[in-house]
Each structure stands twice: as structure tokens, then as C-alpha cells.
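**Q** First the structure, then my questions, so here it is.
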Amino acid sequence: MDSVLKAWGRLTNRSPVLAFVDWCLRGIGQVMFQDNPLTGAIFLAAIAWGSIAAGAPAVLIGGVVAVVAATLAALWLRVDGAALRSGLFGYNAVLVGLALPTFLPAGRLLWLYVLLGAVVSVVATRATAEAGKPFAVAALTFPFVLVTWLMLLASHGFSAVSAPLAVEPAVLPIAESNPLDAIAFLGAVLKSISQVFLKASFVAAILFVIGLAVNSVAAALFAVAGAIVAVAFAHLFGAESELVTGGLFGFSPVLTAVALGTVFYRPSGRVALYALVGTLFTVVAQAATNAALAPIGIPSLTAPFVLTTWLFLLPRQSFETGKG
Amino acid sequence: MDSVLKAWGRLTNRSPVLAFVDWCLRGIGQVMFQDNPLTGAIFLAAIAWGSIAAGAPAVLIGGVVAVVAATLAALWLRVDGAALRSGLFGYNAVLVGLALPTFLPAGRLLWLYVLLGAVVSVVATRATAEAGKPFAVAALTFPFVLVTWLMLLASHGFSAVSAPLAVEPAVLPIAESNPLDAIAFLGAVLKSISQVFLKASFVAAILFVIGLAVNSVAAALFAVAGAIVAVAFAHLFGAESELVTGGLFGFSPVLTAVALGTVFYRPSGRVALYALVGTLFTVVAQAATNAALAPIGIPSLTAPFVLTTWLFLLPRQSFETGKG
Amino acid sequence: MDSVLKAWGRLTNRSPVLAFVDWCLRGIGQVMFQDNPLTGAIFLAAIAWGSIAAGAPAVLIGGVVAVVAATLAALWLRVDGAALRSGLFGYNAVLVGLALPTFLPAGRLLWLYVLLGAVVSVVATRATAEAGKPFAVAALTFPFVLVTWLMLLASHGFSAVSAPLAVEPAVLPIAESNPLDAIAFLGAVLKSISQVFLKASFVAAILFVIGLAVNSVAAALFAVAGAIVAVAFAHLFGAESELVTGGLFGFSPVLTAVALGTVFYRPSGRVALYALVGTLFTVVAQAATNAALAPIGIPSLTAPFVLTTWLFLLPRQSFETGKG
């Protein structure tokens, strides 16, 4: 693995085009915090599989177009070079590019919409980083959530990009919870991982776990553990079974588990317990945002992850030093 | 009074268990900004009376369980000792523990829910304190509002803790305002004070005023004055009489009056007038949050107090120096 | 023009009353970022024309009462003198004073409501300025949006100021887009400018452009260009024609174009392109807030401008230096 990455590093040093590809791949990897082009490439394969298997190639195209457009826009905006080379201006754009064609009907203007969203995601990434500085918190996927929420909400008012039979804004119905057998449980866990990239696919899920593991075994373990904890907790509290088995209660908790357990805190038993509480509360936040957003007809995206992780990251300094 | 507190102080110095009780009682007192275990004990008596008289002992139990759990969690999280000993990690938890059993049906999983809420309220208290640092504003009851809103919203999606006949999310109906005689007015004022702890009880209200007075006569006066001003203003503008007489337009203004008039600014005529404007605007904010939250079926809690008091506290430095 | 301003300056130096008038006029000019009493006077004439032509003199009176009350309140609160003399404590109040009588029925208590709103707008302006300091962003019209949203929402609960036949809170209907001829396009552009002051009037629009031009030709040009871009983009994406021709898709983008293109960044080709992206995204934000606010029955006001401009201003330092 290391030798593959070294050979790739030599290639990117010689070719600006390959360097650009490298930044884009790292951008895809950064959706799950991995600054590694191989992880990004495996994630891209998972996205491709998930999109094509679901008969929605526009989703794959949207993701690729968006990360390329965002990286170009970041160059034009003369962003910080190190951040750009680590893919930090790409991961929000990838998600915008996957989300818009997932929720909106295909069409010529959709691509203009994706391009605008990708460019604005770069501005929003810098704005969020700037706003987070006094609090020493990372932007996470807030720029993706903000831009995509606005563009999906706006689609209600733009007939050129609005779905003719879009999901009706409505008050959330009472949850219907059914028993969950071992197979359904495993499916729910895997789909929780693939839903980070808005996919409900077992094959994609396995590719995502492999992609994580090639860069960080700890991240892969926390992703799987986060998914198991989230599915069990959601089911215990009687969450709608269709949402649980579709992975829709688990993708934000997966991100919280990886972020709190392996990225922002030095791993320890105490940190693992802290990450567990954060992961459980992300499930609560998921159910909460589902209910809050139902009347305006937009999905939660990764807002439950962003909200909970910010909450658990803000006290970082005092958590680590035991002061404050 | 002082000798009672001194004797209690000697006891808590000798016994870690009594010290822990002291922190919890101060936590209850801090709901209305009073760092005094006697105030906390009187408040606890008021909560007990209100809960048992209303046939809802689960509310009392919830409050006690939550403050104990939060204080233990704060110890585990190694928070700042001085803040812990002043009850600053308990008051949000008490409110979470009172609110969840008030709005959700009893049941085994409710207690797990209360425990999770209490622990997360500690994380949220630290996070809010950290986020407020650059602006020199206190956390107030924001952690309580945030955690409880999320958990109540989430209950819509969790059949194990959702009320079978929960209040339907709905557009707010037009207010119906009826004449208010002196007795009804007095009742509205008293209930405005007891509703700070989610109770509609005259006896509890009188206990709360006594509890305030043993630590700060000014706080007791501003609480009563805030309630009078709020009830009068809400009635003048034709607010729904049932809400006004139930104290539901007055509890946030009571907190604003105490906070602006006696806690965060040095008392003066100018400060009293400033606190008056803040108290009036809290009534507006109460009506506003009622309307904004109606479609998603959650109560305003003390959000109107938090919002208005932050607005009136942010300019503190310039207000006091006359610069800026 | 300059000699007129100089003569006026001599008069205001001698008379405290005229000085006070000067601060109020500058407050009106600052709605579109112009610190110039002549601009303010022309804007006031435009407001007067628009209000009286529409048979709504209460709107004009509301605006004048609010700016006077806010300036007096700012004096009492001992705000920073330079900011006061530049009209920075007046522009939010003017807008509050125009908005409340626009959306609420006339009546004695409405005037008390306007006075409260004007005074609180001063507190909110200081609070927003204080909150924005760590991020080096200006308050923009956020205080107006916050205070007016709360007061309009609250009116649902106050029968003394609520409209008997207020617009029903509802889910937004699907947009209906019709062809737009040149005359309709021009009308949409002009009304987009006058809607900054909540007016749909050609004459007022022309006066607003003149008022801008006497202080800054660049501002006038960016206002017109912003309106053109916004109307074209909204129409291209199939926005509801009635809203587009009424100027309701263009007023926030007009403010974004002026703010990003002429006020906060040093003009350049790169800045113009950046302002263009910001202006386009403000149209998206307008459609988004329309949809998000429909269920609670309040208008977007200038929230799309505030949100987008903050997003594009936060990275200012790194945008200008090319670092970060």
C-alpha cells in the first residue's frame, strides 16, 4: 500500500493534472476525514457502484463534477495551499454534488445548479472555518448541509429544478417499529455506513469500510461500532423500522463516532466512552431534525452529526486538560 | 439564616456525601441564579409540592435524578471545580429532568432518556460556556433548551417515549383575550414565577419567592416585578387569556428581569429601565416562539429568556462604559 | 452637490436639532450603505411617494417615528458617537418602522409596538456588532430581520396587533412561471430596487437610484446590475412570475451586489465576479427562505441578503491576502 502511495506521489509531483486528481481524490476521502488518495479512489468506486446499481448515474456525475468545479474555484479564490492539497475544499462539494441529483429531477439547469452549489460550497467552507476559529472547531460538513438545504428549499420555488412529485412537506407520522432479525440488523449497520454518501448499498458499504481501513483501521472500527450502536439505540427506542433498516438513523452517528473517537481526540477509554455518548445523542438529534424538518420537506443530511460533534468538540481543551 | 448556612458549611466540609448534596442543591438554586443551598432546598420543596399536588411525582423524581446524574457526569468529565461547587453544572440538568417527564409519558425507557439528557446537558453547558467566551455572555438556560427541544422533537420518532395523544403540531390559533380581574391577575403573576420550574401552583410560587429572598431580596423583587410587567403587557396586547393566567407568558420575562436587573448589571435606575425594556421584549419573544414552534409541536421552554437576555447582555461592556 | 452638503454641514454644526435630523437622514441612507444626508433625504422622498401613492401613509409615519425613537434611544444608551453620527443606529429602525405597519393593521397599540421595536433595534444593533467583532463582519440588516420577525410572529398571539385576515401560514405552492417581456423585465428590475424599502413603485425606484448616485455612482450601478442579474436568474429557473415582477426576488440580491461589489471589498474584476456569485446565491437563498418561512407565515425580509453576504464576507481577509 505504502509503495503504491509513494509511486503515486512521484507521479503527482511531475504532472499538474495528476496533482489536481490527487486533490480531488483526497477531497472524496475527507468526507470521512481521510487525507489519502487511495481511500478517495476506493470511496469513488463505492459511489460509482452505488449510483449505477441504483440506476442513478447522474448522482455519480454530480459528485465528480462538483469536486472538480470546487477545486478549480478554490484555486481561483487563492485558498490556503496546504488545505487545498489535503482535500479540505473538496469534501463538502462532493456531498453537494451527490445530494442535488439525488433529490432533484435531472435536467440541463440541474447541472448549472450543481456548479453554483459546488462553487458556493468553497466560499461556505472558508466562511465556516473563519467562523469556527475563535472556538477551535472544524467546519465538518456544515457547508454541505447549509448549501444543500438552501438549494433544496429553493427548488420548491424554482419550477425548472423542482420535482413534479416531490415528497410533500408534512407533519411526521408516528413511528412504526417492527422486530429486527440478525440479517436486517446487519443490513441496517452496513447501510448506515453507505448512507454517509447517500447510498443504500451493501457493496458500497463494504468498499467504504475498506477505504477507511487502508488509511486508518481505527476509523474503520469506529465507523462499524458507531453504526451498530446507532442501529441498536434507534431500534430500542422504537424508531421507524423502515428508516432504521435503510441506514437513515445511522449515517450521522457513524461520522460522530469516527470524528470523536479517532480524529479530534487522542484515543483512550475515556474518549471512547465520550464518543459513545456523542454517538447515542446523534441518534436523538437525527430523530429530532427529521421531525423539525418534516413541515418544510427537506432531509436532515448530516446536520445531526455536525450539531452533536460541535457540541462535543467545543469543550475539547477543558476535556483534555481537566480545566474549565 | 447565616448560622444555618455556616453549620451546613461545616457539615459539608466533613462529609463528601453532604458536599455532593450541597452542589446539587446549589444547582437547583442556580435555575434562578442563586448560589445558595438553602435557596435550592426551598426550591426543591416547591418542586415537590407542585409535582405531588399535580399528581405527577415522576416530574419530581426526574428533576432529582437528573441533577444527581449530571453532577456525577461533571465529576467524570473533570469540569472546573469552582463552577461545579457553585451548582453551574446542575441547573440545566434539573430543568431537563423536570421537562421530559412533564411532556413525555412515563415508562422504563423514559428514565434512560432522562439520564442521557442529564449527561448531555453537562457537555452542552461546557460547550455553550466555551462558545460564549469571546462574547463574554453566560450560558443561561440555553443547554436546557437545546437538549430538551431535541429530545422532545426526537420523541415524535421514538415510539417508546412518544405520547400516544401528544399535542398535535398545528398552526397557532388566533388569540382569545378575555377581561382579567384582580384575582386572575394575581394568579397569573404567581404562576408566571412557578412556571420557571414548569409548575402552575400558587404554593410553589410563594416558596420560590421565599427561596429567592433568603439569598437576594432584590432578586425576589425583580422576579415579582417582572411577572407583573409581563402579565400586564401580554394582557394589554390581547394575548390568549388561558396562557396568561396559566403563567405561560410570564416565566421567561421573570428570568430576564432577575438576570438583567440583579445578576449581570450593577443595579441602578438606568439598569432598571433597561431591564424593563428587556422584560417587555421577552413577552414579544414568548409570543413569537409560541407561533414559530407550533408547526413542530414543541414548547418554547425558556428560549425567549435566553434570546432576549443574550441580546441585552452582548452590549454589556459598551453599556457600562458608554463606549461603543 | 458638494456645496449643498457643505452648507448643510455648517447648519448642523450650529443647531443640535438639525444635527439630530442629519443623523436620522444618514440612518435612512445607511439602509443602502450610504453615509450621506442628501441620499437619506432623497430616500425619504421615495419612501413618502411610495407610501402615499399606495394609500398607506402609516408606513411613512412608522419609518420616521422609528428612526427618531431609535436615535433618541441610542443617545440614552450612550452608544459610540461616531457610529451614531453616521446613522449606524438608524437604518435598522427605519426598516422596522416601515415593516410593522406594512404587515400589521393600524391601531393605537401598533404605535407602541413600533416604538418598542425601534428601541430594541438599537440594542440588537449593538449586540450584533459585538457578536460580529471576532469575525470582523458588519451587522448588516440582521437586527431589523430579527426584531421584525419576532414582532410579526408575536402578532399571531396578540389580538391587538394581529391582522384579522392575515396571510394564512401554508406550505408554499408550486411556482408558476410565465414568459417575461421587456417591459415586465424592466418593471421587475425597478421594483427589485424599491422593495429594499418594502415598496413596489417605479417612481420610488428611480429616486432610490438617484439617491445612491449622488453619493456613489458605483453603488447605483451595482444596485441596477444586481437587480438585472437577480431577475434574469430567478426567471431562468422558473420562479413564480408574480413574485419576480413584484420585485420580491430582487431586493436582497440588490443589497448583496452593492455590499460585496462596492462597500466591503476594494472594487476589481475578481471582486465583481465574486459579487456576481454572491448575488446569484442570494436569489437561491430568497427562494429558500420563502419556502422555509411559509409554514409560519412570515416574510423573508432581507434575511437572504444577510445570510449570503455574511457567508461571502467571512473569508474577507483570506480572500484579499490569498492566505487561508
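Yeah, the Cβs are placed from backbone N, Cα and C, and that goes for glycine too.
The following feature annotations were taken from TrEMBL:
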type	residues	note
SITE	A:THR302	site 'Important for channel permeability'
TRANSMEM	A:42-75	transmembrane segment
TRANSMEM	A:87-104	transmembrane segment
TRANSMEM	A:110-129	transmembrane segment
TRANSMEM	A:136-162	transmembrane segment
TRANSMEM	A:182-210	transmembrane segment
TRANSMEM	A:217-237	transmembrane segment
TRANSMEM	A:243-264	transmembrane segment
TRANSMEM	A:271-288	transmembrane segment
TRANSMEM	A:294-314	transmembrane segment
**Q** Which ones in the same chain are close to A:THR302 (site 'Important for channel permeability'), with CB under 8 Å and 6+ residues apart in sequence?
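**A** Looking at Cβ-Cβ distances below 8 Å from A:THR302 (site 'Important for channel permeability'), excluding near sequence neighbours, one finds A:LEU95, A:LEU140, A:THR141, A:PHE144, A:VAL145, A:VAL196, A:PHE251, A:SER252, A:LEU255.
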**Q** For the transmembrane segment (A:182-210) against the transmembrane segment (A:110-129), do we get 3 or more Cβ-Cβ pairs below 8 Å once near-sequence pairs (under 6 apart) are dropped?
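**A** No, the stretches stay apart by this measure.
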**Q** Could you give the residue numbers and ranges of same-chain residues that sit at least 6 residues beyond the transmembrane segment (A:243-264) on either side and whose C-beta is under 8 angstroms from one of its C-beta atoms?
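**A** Here the qualifying positions are 32-33, 138, 140-141, 180, 184, 187-196, 200, 212, 216, 218-219, 222-223, 225-227, 229-231, 234-235, 271-272, 274-275, 278-280, 282-283, 285-287, 290, 300, 302-305, 308-309, 312-313, 316.
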**Q** Select the range from A:87-104, A:110-129, A:136-162, A:271-288 that forms the most Cβ-Cβ pairs under 8 Å with the transmembrane segment (A:294-314).
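**A** Most contacts with the transmembrane segment (A:294-314): A:136-162.
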**Q** Same chain only, please: residues at least 6 beyond the ends of the transmembrane segment (A:110-129) with a C-beta under 8 Å from a C-beta of the stretch. Say none if there are none.
**A** 58, 62, 65-67, 69-70, 73-74, 77, 79, 88-89, 92-93, 96-97, 100-101, 104, 138-139, 142-144, 146-148, 151, 161
**Q** Sort A:THR302 (site 'Important for channel permeability') into helix, strand or coil using the DSSP assignment.
**A** coil
**Q** In the same chain, who gets a Cβ under 8 Å from the transmembrane segment (A:271-288) while lying at least 6 residues past its ends?
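**A** Sequence-remote neighbours of the transmembrane segment (A:271-288) are 222, 226, 229-230, 233-234, 237, 239, 248-250, 252-253, 256-257, 260-261, 265, 300, 303-305, 307-309, 311-312, 319.
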